[in-house]
Amino acid sequence: MSKETFQRNKPHINIGTIGHVDHGKTTLTAAITRALSAEGLANFCDYSSIDNTPEEKARGITINASHVEYETPNRHYAHVDCPGHADYVKNMITGAAQMDGAILVVSATDGAMPQTKEHILLARQVGVPYIVVFLNKIDMISQEDAELVDLVEMELSELLEEKGYKGCPIIRGSALKALEGDASYVEKIRELMQAVDDNIPTPEREVDKPFLMPIEDVFSISGRGTVVTGRIERGIVKVGDKVQIVGLRDTRETIVTGVEMFRKELPEGQAGENVGLLLRGIGKNDVERGMVICQPNSVKSHTQFKGAVYILQKEEGGRHKPFFTGYRPQFFFRTTDVTGVVTLPEGTEMVMPGDNVEFEVQLISPVALEEGMRFAIREGGRTIGAGTISKIIA
């Protein structure tokens, strides 16, 4: 049976729900799919199907995340929802789900809570550019308490502005009532999606830059060859393109003989899309997760760089003790983790949990690196820091 061709007639946006535990993120995600399914723009996903999230790995960190897709009349959305707070932190620091914008869900009965604040801060640190607020559980507020909602809104706006998110639209509604089909609340979901359409700009896709895709997984398809999957970070890849495989081992060249997305064949894949690429003459053992596929000579692998790093505090799940020059944690770049040896700058004897520092790293295997790229630092199964490459040395 020939595969159906994927229709690309709308711009594609990656978004996600963020916010405090039990404020209604997953219920809202389900309510969005329900409201849009009535217009034939989504398949309805109920709460339990979103809540029973499969485990996935990003930079070697196990994350539970649910991905749903839906459309508005103008756009195609991929939406990520995480069940647990720790999953959000890991998802955002690792950039596992790069978000073009986020829907911050806040319960009108509670207002901003600790994780609300933490998620806003995280969004800022990892570069989520836009936020739209959904003030949930508005059906629980009595007439007498109506003005409390205005106070919650003011507090939220201040909190967001403090972190550089000015003028975020705030939509009031009830995800649960919308999910139950209450027409006035379903209308609020439509209003929310209109606000998302209007306030989260279609990102400048990195389509014009040289093609690059970090490999997430490798499959062997009998009779066809080796398929590598991942999210295209930038550029365009077409069937017939010459590409390089960079990182971990010696750089190799190959030809892309097929591109597919959601099990449908495409003539090309573009930045932001999750695709599978069929590679000519490459065996399953020639490629592995953590390498990148790119336009020839656009990226090189490196082993030495300077990083601007934030080391998590003990309370954030980080280390309890300082570390010194010679420290050897794991460094996570895109889809790979490599041990690296840390050299602290002159005059810095040690780094304490909670410190911001710039230090040098010598990796034990070559990785495709670029300045401005993000990474996570892990040790003994937990994230102890996150950073950005400030300078490549070798």
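Heads up, the Cβ atoms here are built off N, Cα and C, so glycines get one too.
If you check Swiss-Prot, you get these features:
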{"type": "DOMAIN", "residues": "10-204", "note": "domain 'tr-type G'"}
{"type": "REGION", "residues": "19-26", "note": "region 'G1'"}
{"type": "BINDING", "residues": "19-26, 81-85, 136-139", "note": "GTP binding site"}
{"type": "BINDING", "residues": "THR26", "note": "Mg(2+) binding site"}
{"type": "REGION", "residues": "60-64", "note": "region 'G2'"}
{"type": "REGION", "residues": "81-84", "note": "region 'G3'"}
{"type": "REGION", "residues": "136-139", "note": "region 'G4'"}
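Shown on the structure are the features that Swiss-Prot records.
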{"residue": "GLY19", "record": "GTP binding site", "contacts (Cβ under 8 Å, 6+ apart)": "LYS25, LEU104, VAL105, VAL106, GLN115, THR116, HIS119"}
{"residue": "ASP22", "record": "GTP binding site", "contacts (Cβ under 8 Å, 6+ apart)": "SER107"}
{"residue": "ILE138", "record": "GTP binding site", "contacts (Cβ under 8 Å, 6+ apart)": "ALA108, VAL149, ARG172, GLY173, SER174"}
Write down the Cα-Cα distance for THR26 (Mg(2+) binding site) and CYS82 (GTP binding site), rounded and given in Å.
8
When DSSP is mapped onto helix/strand/coil, what comes out for the residue listed as 'Mg(2+) binding site'?
helix
Could you give me the DSSP helix, strand and coil counts for the region 'G4' (136-139)?
2 helix, 1 strand, 1 coil
